[in-house]
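Visitor: Below, the features straight out of TrEMBL:
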DOMAIN    B:35-272  domain 'ABC transmembrane type-2'
TRANSMEM  B:37-59  transmembrane segment
TRANSMEM  B:71-93  transmembrane segment
TRANSMEM  B:114-141  transmembrane segment
TRANSMEM  B:147-173  transmembrane segment
TRANSMEM  B:180-200  transmembrane segment
TRANSMEM  B:243-266  transmembrane segment
Amino acid sequence: MSDPMVVAEGLHKSFGDTHALRGLDLSVPRGTVCGVLGPNGAGKTTAVRILATLSDPDAGHARIAGYDVVREAGQVRDRIGLAGQYAAVDEKLTGRGNLRMFGRLYHLSRREAHRRADELLERFDLMDAADRQVAGYSGGMRRRLDLITSLILRPEVLFLDEPTTGLDPRSRGEIWDSVRELVADGTTVLLTTQYLDEADQLADDIAVIDHGRVIATGTPDELKATMGDRLDVVLEDPAALRPAATVLTTLAGTEPTTTSADRLSVALPGGGFRLADIVRELDRAGVAAVDVSLRRPTLDEVFLRLTDRKERVS
Amino acid sequence: MTTLAPPMGRRLRWTFADGLTLVGRELGRLRQEPGELVGALVFPAIMVVLFGYVFGSAIQVPDGGDYREYLMPGLFSMVTFTAVQGVMGRMAADSARGVMDRFRSMPMARLAVPFGQTGADSLVGLPLLAVMVGAGLLVGWQPHRGLIPAAGAFGLILLLRYALSWVGVYVGLVVKNEQIVAQVVVPLFLPFTMLSNSFVPTGGMPGWLRFLADWNPVSALTAASRELFGNPGAPSGDVAWPLAHPVAAVLFWSAALLGVFVPLSLRAFTRRGR
């Protein structure tokens, strides 16, 4: 494989007493999507700001396509696109006006800027709204405009900082489709998100960060595999909770969690469990189950375990 | 910052080209929302009527001239000051909404942003000035000393407007919040424009207030315009330096504001702290 497109080594950044990053390392191979997951305040945005040359690290260094983000910021800016949490476009201008203006600021000729604007509007389905003021766009349309504005120069690396936060499911799906298309074109994407299904859908690799440091990396499947499969049991009678818990504890070696009065869930270590065996064990203890299911853990469960937060993050 | 910086000539050319693109952006905004421009143009016309006839009915000009002749240079100064709030609001909005971050992450000339913004404001200043002149002529004001001094006065007005717009760039960049900017505008605008010789002579103010008013750049501009237009109201006797040499004072103030706020703004704009 060729050299990674995004490399961060030991990035540190503090704001007063707050240590936003404490030795962050990242490596994103060309043409892949890296999902950076982390709870609020984990340092996701700070990392993106440093990689996109908006902010200098206190220590450590980072390279984009081989160029140092501090010393060769100009070269880096020629190769990146940035789309943020908020739609960073001029609301007073039309969609087309925005793309043309940013095209000119990317130093395209007037004709080329106009052509590229039309091409992007067409491809990402904004042509109908092209001549309307952005102030009148829906949240999803704005975000899409923000995204395609960062594509004007066909960036080698695209930074998406929580690109779908606050969007309805349909708009999220549209943004996801756009990102998939870009990746098919060979763009390398670094995506931060709080939505784990987003990372699951889009990312080739995931870096889970917390307190300014990467605490786990791997493909979504690898991360899920570290936790083993989940066993969910729904009881016919809540009174059977205790004997059922005893059976599951014996099977799994850890105590199950009670997700509601009649539901139990436990992580099974390693593989080798068959559903039929589990049902038989429950039967033997006299536990009547309405539903017994063996499944991969969700990324949410992996994430919560890794970051040790009790509350759901999304 | 960059090891392989493009040659100086190309950088300058891009700064200029990108600045023009951003001027075009402002004009594009006005085309989308012409109401904003109309509002901005109507405001000074209303001022002329309001101050000219409300205050004019009661205030005596020191050397017996017409109050509206006395007032117009003051209103030119007042409208000049609006440059601060306009530019400040734009810069704060761009910072708050991430547009500034997008600019910073692009391979464009960074200095083009403040230069484009202030350049656009100067362009907007021209029709404002034209409306003021028209309104002034309607209510009986006119330049008395001929074309060249009058052109000089307009030149000073535009120069100070440009210098003041850099104050707006800096404050907008530092505050980064449209709401706060909107709230500080009135408490900033009123004292600066009213605490001057624009509407009444400073001679009758208590000593400390008079000192502030005499050294207010707005007063220097008003006094310079009165002198160059040949309008009444030149103070006599023992007057503060800026009012005795108003043209020099306006040049001094413009140079001082630019000398302080251009470097401060450029530093705030290119700094990569956060």
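Every residue gets a Cβ built from N, Cα and C, even glycine.
A quick note: this is a predicted structure, and the numbers were derived from the prediction, not measured.
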Visitor: Looking at the stretches B:37-59, B:71-93, B:114-141, B:180-200, B:243-266, which one shares the most CB pairs under 8 Å with the transmembrane segment (B:147-173)?
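Guide: Maximum Cβ contact count belongs to B:71-93.
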Visitor: What residues in the same chain, six or more past the boundaries of the transmembrane segment (B:243-266), come closer than 8 Å to it by Cβ-Cβ distance?
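Guide: Same-chain residues near the transmembrane segment (B:243-266) but 6 or more away: 111, 114, 152, 156, 159-160, 162-164, 166-167, 169-170, 173, 197, 202, 214, 217, 219-224, 226-228, 235.
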Visitor: Given the transmembrane segment (B:37-59), which of the listed stretches B:71-93, B:114-141, B:180-200 has the most Cβ pairs that are under 8 Å apart from it?
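Guide: If we count Cβ pairs closer than 8 Å to the transmembrane segment (B:37-59), B:114-141 scores highest.
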